[in-house]
Every structure is written in C-alpha cells, then in structure tokens.
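Below is one structure, written out as structure tokens; comments come after it.
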C-alpha cells in the first residue's frame, strides 16, 4: 500500500501537482515563521512566472 | 588551470575502491552483448528476405544499454569526475523556484519532455529514402558517441556554473566573438526550426477536414484547461489533463463525422489558408497570457508523449511487422533522392538531427535542467539517458516508415509538383525513379485512412501516421480503426509541433527583446506590451515568411528547406561541442578532450561539406546557387516554364527562394567557422599554459543531501536514505 502511495506521489510530482507542497516545505525550512502564499496565489504566480522566464522546447 | 577541484579528488560513495568482478554482472552484460550482436548482424547483413522491424529495436536497445553502462560511466567518472560531495546549484542556491533540488526521475521526465517532440519523428522518416540501414546506424552510433555525450557534458558544465546558458558559457569561456556568433546561431536556427515544423503541419492538414478539425479542437480544449486551472481548481494538473486527453480523443473521433457532414467544408483548408491560420495562431500564442494556451498545451503534449511512445514500442513488438524498404537504396550513393537531394555523406547526418545529435538540446541541458539537478552524478541518467530515450523514439519512427510499401513511401514523399495532380501521374513519377505502385493502390491507401489523397504529402508526419496506423491497427481494432489511428498520429505530431511553435516563438521573442534591450533598455521588459507585440511580430513574420515560401515553392518546400533545418541544427551542435571541448581543456581535463572533440570534428566536417555542396554544387538538384543560375538563365532566355515551375512567376519564385536559401546556408557556414576558429585559439592558449580571461566555475561547497545516482536506487543508496541520510 505504501508503495502504491509512493508511486502515486511520484506521478503527481512528475505532473507538477506537488509543487505547492514543496513550496510550503521550502518556506518552512528556509524562511520559518514568514508568511506564505495561499494555494491559489501560489499557482497563479507560478504560471505567470513563465511570462518572464521562457522555457525552451526542442523539436 | 582552474583549481576548484576538491583536493582529495572525487568519490564520496566509496564505489571506486570496492570494484569486484561480479559473475552475475558479467553474465548479464555478455548476454546483452550477444543479443545486440545478433540483432546488428540481422539488420546489417540479411538481404533478399524480409526482416522484422523489431530487430532494429533490439539492436538499438542492446547498444544503448552497453553504451550507458560502460561509456557514459567512463565519461562521468574519469573525464568529468563528477563529485557527489559537491553541492549542486539546486542545493546551494535553492530558492524554491528556479533553483530547487528535484527528484531525478521527475527531472528525467521534464528534461525528456523538453528535448523530444516531433523532430525525432520527422527526420528518420525522410532519411528512409536511402534505406533503413544508414539511418539506423547513424541514429544509434550518433547518439552514443555524439548526441548523448553533448547533452551530458553540457549539462555537467552548466551545473558547475550555476546553470549558465550555452550562449553565456560560449561568451565567458571562448570569448565575445564566439559568444555573439553563438547567439545569432540560436536565433537563426529557431526561425528555421519553426518554419520547417510548421510546414510539416501544413503538409499534413492541407485538404484534410478530419485532421484540421481535430487539431483546431485542441485550442478550445487548451483554453478550457487553462481556465479550469486558473479559476476552478488551481493545481489539479492530473485531473484536468486526463479530461483534456479524453476530450482530444473525442475530437479525433468527431473529426471523422465532421469530415462527412455539411460543416466539413469549413475545415477543408488549402495549404495557404493553413499557413495564414498558423501565423495568426503563432502570434496570438506568443502574446496571450501563458496560462491560457501555452501551459495547458504543454500538459496535454507531455501526457500524449508518454502514451504514444509506450504504445509504439508495444505495438512494434506485438505486431512484429516486416521491413519493406531496402536496406540501402540507390539514392544513398547517387544523391538523386526525391525526398531531399544529396548522397549519404553528408546528408544522412543532416536529415537526421533529433534522435542522433541535436544542437538544440544544449539549450535545455544548459539553463533549465542544471538548476534542478540534485547530484552531479545524475548528469549521466538525465543527460545521457534522456537522449538515449529520444534516440529510441527515432528508431521506432524509422521502423514505422520502412514497413510501408516503398512505392507508397515515395508517392507520399516526393514533391507534389513532381508527382503531378492525379494518382496516375503520381504512379508514373514513382515508376520513373524505379519503384512501383499502381494508381488503384494509391487510391486504396488513401481510402483506408479516409483521406482524399496521400499523394505528395511530404514532411514525414503523414508517412509516419500511415506506418503507425498499420502497426496499431494490427494490434488494436483492426481495419475498422485504421483511419482513427492515422488521424491520432497526425494529431499528436501536430500537437507536439504547435507546442514547439508556441514555446519557440516566445523564446525567440525573449532573445530578440534582450538583444534590442542592450540598445534600448525599456525593450527588455517582457511585460511591456509594445515590445512584446513588436518582437513577436518580427519572429512570427520571419518563420511565417519562410513557411509561406516553402508551401508555395515550385521545387517542393520540404525538399528545399529540410536540409537547411538540418544544417542549422548541426551547426548549433558544433557550437555546443566546441564549448564542451573548450571547457574540458580549460578545466584540466585536456587528456579527455577527444570525447567531445571527435564528434565535433565529425559534425563540423558534415555541416561544412553539406553547406559547401548546397552553395557550390554544379548539380542544380543539389546546389541552391546552381538552381538559381539555371532558372535565371531560363528566364533570361525568355522561357516560360522549366521543370516543375510552370509559369514565369513560379520561375521567379525559384530564383528568389534559392537566393535566400544560399544566403542562409552561407550565414550558417560562416558562423560555424567563426566559433571553431575562436575555440581553437582558446585551446592553443590554454594548452600552452598561458592565462585566459573569463572562466567561472563555482567554488566547491559541501553537499548536505543524499540522493541516488541512477533512475533506480541501488541497495546501498536505499539503506543510506533509510539510515537518516536524506536531506
């Protein structure tokens, strides 16, 4: 069961769904006590970043 | 010499000291070698009887396994001396956004999705005109000794330099001249790449209401997904992607009904109408917010990528189709190939870029991926491994093209202007080059996939789609699903290409804004609308013009433009390999410089020979300038038609296009010579021990995290993680 759980988490991470969890973990570790973005704001900010940083896609 | 190496040398995991000969390992690798050797022998030497396409796959997989196990390990340990005690930029500079230690399996997926698209599906199909053997050898040998090496070494050095881009590394390590040449090369290749890929889409969708409808539907589907993620359920990527994929499959099924219904005419577009639509779309996608189109399309296309590759590999193994194409056709030696001119050397190495050696990958391997990698030793699985996977896709594409009847293959891939308007003229044209297919068979082939015609559908995508639909329908659904699978294949290729067009136009726009920004600072601001609109228009205009010229080229757009695309891509590979070689020499690894120097020399010889032939060949089929002269002379003599150009306007078009093609080829050749000359200057200076400016390896900082090196963690690595070593 725990293996299934781990595999599902990996799929979610692959799809980028765990980014908010990872962000919270990052804030808790490096900036404890500071305010964090809400889930909605986080996703909005994350997509809007791509307006400024283009990621190359090959052929 | 840079002395940022950790004094006591690499290591840290203690594997080097405990090297014992494990009999089980020896047995396994001997077995892999034997399977590989048998498969290669069958592929290379069996003549006169049909062999199964699966042998290509076996030869490839066994070769990849051996290369990965031995060669990539040699490069990582001996030459690069990867050091897992050293913190990577992701760990040192972790900001939770750009820099972030990312699980190697996840990063492998992202890196693969970024490097592989329609490229490895198109090039091998076009190269199949020379037979399956040249393409197979180049794809496998090329990836092992050139392509995967380039990706891995670039990734390593960029990781040692806080994720600097290829252009930045070229400027810092080689010098400003080489650096500027590298950036111009990047912009030029981007434009050619987008034009050629868009041309592939146009060729696949022209006069095909089914295909056009399905692809058009991806726009509302992407918009829906975009709004869903923005406003309804942010972050729920998997559920929205699953919904998106289901909607897309419905759009493919729906396309069949639309084609037969009254509204079918709405989606019946000519090549020029499609060109216009793509240009408008490209511009819109570049200026619209990312969340509306680009991001959701990226999710769709990544999901499809995984599905299609798995489906393809499984089908080839299950259906076990036999290769119909010869191992070697006469076009390999006589250079008269009807798909693209030129003999095996150098043109097979130009036609197949993605899958064997693709310079474009260096842009992904520097810049994005190095900022996310957890451990230096992972450059092996991510750099070398992901490229091997792309090569595997290319082999399967080649196999899918070679299982077609060669007569049909040529009837689809010769320029439409050569084939003429009807199945009868096409059949006669194919006969002329020594292959046969009857008009009735041509009609039947088109009917089987419910298209009006397959004649002159150049660009590779339709050929691959026919091949795939043959294989898939043998395994799933039989004849009833032939047309569905054909349009499924067309759809995912077009989807990959539109994703590249979206992203590529935007990247080109950013480079342009950045460059102009050096003179006019405000232009750099990517959120400033006028700058965004102007630079998008310039980039879209550039590839749109080339696309338009290609669609209307009397000599055939793919025939003329594909070699240019290949030359541009291999030029960028030469830049990347030159940067890698420079770095190996400058960082005290000169005795291993051959690792990138040998592929660099080969690639430079190929690219320069191809450019030389394209510019100076007297043969008007091959040389752009000879073509130009031929048509100009005919115009001067007052002729009103020549070859496939039936009017004076068409002849003038040929003169103009060939002049432009010559100029572009010359530009590429000059750029490569500049980069090479500048690199050699740096090598000589470095080897003589004289000081050099620049060079920016990050200082050594101890790593505090543990992570496995390979895709699957070893027992030791797992135990280490369990004992609390994980960070």
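First residue shown is number 1, and so on along the chain.
In case you wondered, yes, glycine gets a Cβ from its N, Cα and C as well.
What TrEMBL says about this one:
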DOMAIN    B:53-610  domain 'CstA N-terminal'
REGION    B:1-21  region 'Disordered'
TRANSMEM  B:26-46  transmembrane segment
TRANSMEM  B:52-71  transmembrane segment
TRANSMEM  B:137-157  transmembrane segment
TRANSMEM  B:210-230  transmembrane segment
TRANSMEM  B:237-258  transmembrane segment
TRANSMEM  B:270-294  transmembrane segment
TRANSMEM  B:306-323  transmembrane segment
TRANSMEM  B:343-365  transmembrane segment
TRANSMEM  B:483-501  transmembrane segment
TRANSMEM  B:531-549  transmembrane segment
TRANSMEM  B:561-585  transmembrane segment
TRANSMEM  B:592-612  transmembrane segment
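Highlighted: of the candidate stretches B:26-46, B:52-71, B:237-258, B:270-294, B:343-365, B:52-71 has the greatest count of Cβ pairs under 8 Å to the transmembrane segment (B:306-323). The transmembrane segment (B:343-365) makes no contact with the transmembrane segment (B:531-549): fewer than 3 of their CB pairs lie within 8 A, with pairs spaced 6 or more apart in sequence.
Only sequence-distant pairs (6 or more apart) were considered; of these, at least three Cβ pairs between the transmembrane segment (B:270-294) and the transmembrane segment (B:210-230) are under 8 A, so the stretches are in contact. No contact links the transmembrane segment (B:137-157) to the transmembrane segment (B:237-258), because fewer than 3 Cβ pairs that are 6 or more residues apart lie under 8 A.
Simply put, out of B:52-71, B:210-230, B:483-501, B:531-549, B:210-230 has the most Cβ pairs sitting under 8 Å from the transmembrane segment (B:237-258).
Outside the transmembrane segment (B:52-71), and at least 6 residues removed from its termini, the chain residues within Cβ reach (under 8 Å) are 29, 32-33, 35-40, 42-43, 132, 136, 139-140, 143-145, 148, 313, 316-317, 320-323, 380, 384-385, 388, 391-392, 395-396, 398-400, 402-403. Panel annotation: around the transmembrane segment (B:531-549), residues 190-192, 194-195, 198-199, 202, 272, 275, 278-279, 282-283, 286-287, 505, 508-509, 512-513, 516, 522-525, 557, 561, 653, 657, 660 of the same chain, lying at least six beyond its termini, place a Cβ under 8 Å from a Cβ of the stretch.
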